[in-house]
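What TrEMBL lists as region 'Disordered' is B:316-335. Summarising the annotation, TrEMBL assigns transmembrane segment to B:29-49, B:56-76, B:82-103, B:110-127, B:159-179, B:209-228, B:248-271, B:283-306.
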Amino acid sequence: MELFLQQVLNGLTLGGVYALVALGLTLVYGILHVPNFAHGAFYMAGAYSAFFLINRLGLNYWWGMLGAAVTVALISVLSERLVFHPLRKAPYLHHMIASIGILLFLEAGAQALWGADFHRMETPYTQLLTFGSLTLPAQRLLIIGAAFLLVVLLQLFLTKTITGATIVAMAQNREGAALVGIDANRVAMLTFAIAGALAGMAAVLYAPINLVYTSMGHLVITKAFVIIVLGGMGSVPGAIAGGLIIGFAEAFGAFYISTDYKDIIAFALLVLILSVRPQGLFARGAH
Amino acid sequence: MKMFNPTAGWTLLLALALAFPFMAGNDYHLTVMSTAYIYAIATVGLNLITGYTGQFNLAHSGFMAVGAYTVGILTVDHGFPFWAALPLAGLVAAVLGVFVGLVSLRLKTHFFSIFTLCVGYIMFLLIEKWESLTHGTVGIVGIPAPEPFAGLDFSEPRALYYLVLGFLVASLWVMHRIVRSLLGRTFMAIRNSDDLAQALGIDLMRNKLLAFVLSVFFAGLAGGLYAGSVRFLGPGIAGVEHTFDMTMYMLVGGIGTLLGPLLGAIGVPWLTQYLQFLQEYRFVVFGPLLVLLVIFLPHGIVGTWLNRRRRQAAKAAPAPAPAPAPAPVQEVRHA
């Protein structure tokens, strides 16, 4: 039973991180209608900027996270302005290739600045909490708590504020949004900033129990793609549900099936589901 | 621009390629060129599905790895001769391509790309983890050189160079035949608008699948040649970065043209050779270059040149349509 609860905890941890990354990706998809392959590099950039602030400048963990969120939001907005905005009328293939260009640039840039080594990010929350027979590492609880807080805040922002509503409106119908006087450029920049900040914070939450390295974003972003395809591209609740599904599938798969193949589970799930339902699990209508 | 006729151009290129070993300073240059040719074969394959048919396949390097590992496993673990294993490399990749294609091609535009990205990851992870078959992270070492054939010893770089060149020329010729045939036109119709193509009575699934299988056959073959010439393999060859590399070759040269991917696949590695000091950081330069190309020169070098020539031809002779050159990617709006 304890082992089972331990896996539930692992699933929630992974699911929380995946949901944060997938949320940013799905919001940007709502605006661009194109998958942003550079999103995984944003995640990586977040981890590196926090690593720099914490280990080199000696700031504390939370300032590191804030710094990462701001830095990645800036990188994200810059790439919207410099790359995606000029391409807004181009075929979808061009967006994808341009986002690959950003990805390659950021990864090579991080490697040039910090080298190819793996780094460990310090966290002040190293203690183990015990509840009865259950031992919980504090960092994992922090990830779960912070991820769910961010998800709730984002949901409130999107549904309860005018600015949030403009993002939803743009995602639903671009021309319609422009007709009622929504400034498309402002909304696009705002969306990229939010997506970048979410990716940055997810990276800083997850990095202490993982490691910091240049290709750390690869698997996370690919899984985030799986999540938003499963949850329906552009759908916020879909991204959260999808994140949890993949998180749990991986935690239980690693425990009951095989640790070696745990990374394949998400992709196998996608292949399986799309073979039966080409339109995704929760999506209405065909792709 | 009359003096530039395509046949003369291709003959000149072939003559240059044949003379290259006599001009190259050392064996190292020959090896760089052979590897560039191998990637050119794979890139020409990727160009068929992406450039001509409009489906961006991100598992291409995975299929190349399947071909490479087919040769590696058969020659090292099962004592097959290289020449028996090489056709199987293309075949195994193609058979796998039928299954992957049947599922993935039901998806359109970027959903297809995301799906194949995942398929590529599954291939990479399987190669890395399935130790009893693929030797895992250690990789396959000691792959024998292709057995001597007609007095040519392929453990020698010059003979190997000509062998790879032979395969490249054959691949380009086959691709030329495909692209100029009705089949090639069908692929381009699908690229330009699959709704329109369907309205013309084109069986989308059948043609996309055919393009996909042909394309991964080239990847498998290139992988097999890679195994025989580099002679050791690691799971890294399946990494999606290699697909990104090939995409860059395709784009620099001109996507959806025959010459473009070839020029890109040969030119870019040489450029990296001269930028040796950048080594691992070359993408600090190539990343932004890729972005700039997509924004300012989306048809690549060859595509831009072809478009200019077509405009000039149209101005010179307003009446009949100019000769149907393979069109680079036109406006394909995402539906």
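Here the Cβ of each residue, glycine as well, is placed from N, Cα and C on the backbone.
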Most CB pairs under 8 Å with the transmembrane segment (B:56-76): which of B:82-103, B:159-179, B:209-228, B:248-271? B:209-228
If I count Cβ-Cβ pairs under 8 A between the transmembrane segment (B:248-271) and each of B:29-49, B:110-127, B:209-228, which range comes out on top? B:29-49
Out of B:82-103, B:110-127, B:209-228, which stretch has the largest tally of CB pairs under 8 angstroms to the transmembrane segment (B:29-49)? B:209-228
Please indicate, using numbers and ranges, the residues of the same chain that are 6 or more beyond the transmembrane segment (B:209-228) and have a C-beta under 8 Å from a C-beta there. 35, 38-39, 41-42, 44-46, 48-49, 52-53, 55, 57, 60-61, 63-72, 75, 82, 85-86, 88-94, 96-98, 100-102, 104-105, 140, 143, 145-146, 154, 163-164, 167, 171, 175, 178, 183, 187, 190, 237
